[in-house]
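Visitor: The following feature annotations were taken from Swiss-Prot:
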- 150-178: region 'Disordered' (REGION)
- G289, Q290, T291, G292, S293, G294, K295, T296: ATP binding site (BINDING)
- 534-729: region 'Disordered' (REGION)
- 577-589: compositional bias 'Basic and acidic residues' (COMPBIAS)
- 614-631: compositional bias 'Basic and acidic residues' (COMPBIAS)
- 632-652: compositional bias 'Polar residues' (COMPBIAS)
- 669-686: compositional bias 'Basic and acidic residues' (COMPBIAS)
Amino acid sequence: MGDSGDAVMARWLQSAGLQHLAASSTSSSSASTAGGGVDPRGGGGVGVGALGGGAGGGSLLPSLLMQGYGPQSIEEKQRLYMLLRSLNFNGETAPPSISEPYTPTAQSFGGGNSLEGFYSPELRGELGAGLLDLHAMDDTELLSEDVASEPFEPSPFIPKEMDEDDDDMLPGSQPGPSDNYNAVANEKESTARENNVAKIKVVVRKRPLNRKEVSRKEEDIITVHDSSSLTVYEPKLKVDLTAYVEKHEFCFDAVLDEQVSNDEVYRETVEPIIPIIFQRTKATCFAYGQTGSGKTYTMQPLPLRAAQDMVRLLHQPVYRNQNFKLWLSYFEIYGGKLFDLLSDRRQLLMREDGKKQVCIVGLQEFEVSDVQIVKEYIERGNAARSTGSTGANEESSRSHAILQLAIKKHIIVTDTRRQRDRDANESKNTKAVGKISFIDLAGSERGADTTDNDRQTRIEGAEINKSLLALKECIRALDNDQIHIPFRGSKLTEVLRDSFVGNSRTVMISCISPNAGSCEHTLNTLRYADRVKSLSKGSNTRKEQPTGPTIPSSKDSSSAPSYPMPIETEEIANQIQEKRPVETSRKAAENFTSNSSMEPDRNPVSMIPSYSNRGKEENGSSGLNDRERVDLNSSRISYNSKPQSVQSSANLQEEEKVTKVSPPRRKAYRDDKPERQSNYAKKDSGPETSRPGYKVQQAKQLQQQQRPTSASASQNSSRQSEKESSCDDVEIDAILEEEEALIAAHRKEIENTMEIVREEMNLLAEVDQPGSLIDNYVTQLSFLLSRKAAGLVSLQARLARFQHRLKEQEILSRKKSSR
């Protein structure tokens, strides 16, 4: 049975990659049986020579190896390692034998506990701590260089489409799970790329010095440090005319120096926006800067490159199957008016439809499918654009040119009745998907630099600056996510209204001049751009305003504790009560019908003679309803009043309502406040003053005493006013008559003057005739001039009299008003 155990061990070692141990195990099998070895079938006894010189370990090895397939302890694993180490101390290796891999049988799983009683003293000495130090042992002999590698076979459960490319797929094959995974990954990448596109991007481009500036030996005052920052060195003079340089640093999304080409400008500004236009995005790209800074030069190639990329995307199957088409329109805004540059400068009208969408009536759009056609349209529009000469640029753009490239989806018409008119109304059968607008703004100007310009040029500059300011405010509102965007500030922002709402993107290219003479213009442009760029999302203006302290209404006041209010709190309540809206007073007036038991002298609300006065009175009186109830209850308890007193109090309440029709003045009420406070203090002093109808009786007596005097005074004042009004009417009628006479005299004088002028013209014509007499000319001219002078003198005298009458009337009116 020893040979069979050696064969099993050899096969197992080969399957485990330990072929070099097969020779040592085979040679030790005979020695193990002679020295009292271990039965290879996993017997019970172990001889003394089992570990003698390492020879007996070969028979112990198969049983230990078989234990690896069943449950084993840490000590058994350590014994296996020590036996494997003792088998190859001499370093002898045997050539690997080719055999089938060994598969253990069911009998081999039963030797899990065959060596539980095996504890060698030598093994106990080395493994006394119970743990094996693997770093202290030399296990390099366990590795073999002659390991036969077998070819790797893929798992049959993995689909083969994962290893194949999409281009190698068969035409009729269905997309597998890998296609869906790739589609999801691509969609995530595109979404991330769209999110990375900023809502507002500010790019600054510096132009090189031109010939005129080089001939004047002007210096370059702008230094571009990296792709996002620059420094402006502004030359200045101190008060003592000492020259110094002031440094200004700016940071933007991108800074392009004079070495950057237009292709790089396109890749930095417009190229990231093109893919998202096909996903219902409206983009705007405009160049801003002083006149002569290179705006038109920067903007000219951008629409061509954008059209090229858009046409390329339209040819893709995704968009071609959706019937997407590219449309082009080109117009300008000059002096607040719109002109179509592709239709012989025909004037356009801007209207709003029922959906609050801006529509340009009469604007002609052209469907384009080739970049060459786009180039021809742009050249045609540039030739018709308004230009002029300024002090800084001989051919300056005096209008805002807007080139729009729109992606529209064509709707297939199936009705035969509408099919005949489809060619005529092809643009109506489309649905807008996205749009990008390229705006070549007119140059900004300062009033100090336009002194040598004519009036028309200055008017153009004022209109340009107004529209640029409105555009800046719209961009600020857009970046702050404000609800209201002031697009009605100018025609430019009204036209671009749809580019500032919804899903929109804006790219601003600030063009600057590097010469020292344009330093102030450059700084203004950079500050304009920096103000647009520096807008943060955190400074949102749509924040909730802090709510101030609120005063409880009449409903809440009834539940409040009924304590007497001090003077300071009453004044504060009066001030806040005056600022209440009319609605609050109306609500209080409605509540007054249910809470009508109150006193007029205890009304804590300021009485203003206005239409909302009554509501405020009732509101304030209802506010002290509980306190009055406490007073009434105390008076009833102290005096044990009978039901007759209830009837008298009801009568008094009716009298109170009558007195409330004519409220007292505010001034008198304010003077009466200390008296009311003293009345509050005197409540507990005597029984008569605490009665609720006592003060009402006093008020009635005072009113009866004042009635005759007030009636007589009112009669006298009415008589005097009637006399004064009759006198005033007479004087006003006289003044009006004199005014009409003066106007008639002026008209007559104008007619006489015109007649005299005709006679003078005839007189000059006669003098020019040959043979005319100079004496007749002098005599007639003297007569005409005297007539003219007499008419002017009479008109001037009439005017002086009327002016004197007006002054007298003004003095009298002042005296009457002082009385």
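Note: Cβ is positioned from N, Cα and C throughout, glycine not excepted.
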Visitor: Looking at the binding-site residues G289, G294, which sits with the largest number of other Cβ atoms within 10 Å of its Cβ?
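Guide: Buried the deepest by this measure is G289.
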Visitor: Per DSSP, Q290 (ATP binding site) is which: helix, strand or coil?
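Guide: Going by the DSSP assignment, Q290 (ATP binding site) falls within a strand, counted as strand.
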Visitor: Please list, in sequence order, the residues in the chain of S293 (ATP binding site) that are at least six apart in sequence and whose C-beta is under 8 Å away from its C-beta.
Guide: R207, G443, C511, I512, S513, S518, H521, T525
Visitor: Within 10 Å of the Cβ of T296 (ATP binding site), how many other Cβ atoms can be counted across all chains shown?
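Guide: Step by step: centre on the Cβ of T296 (ATP binding site), count other Cβ atoms within 10 Å, giving 22.
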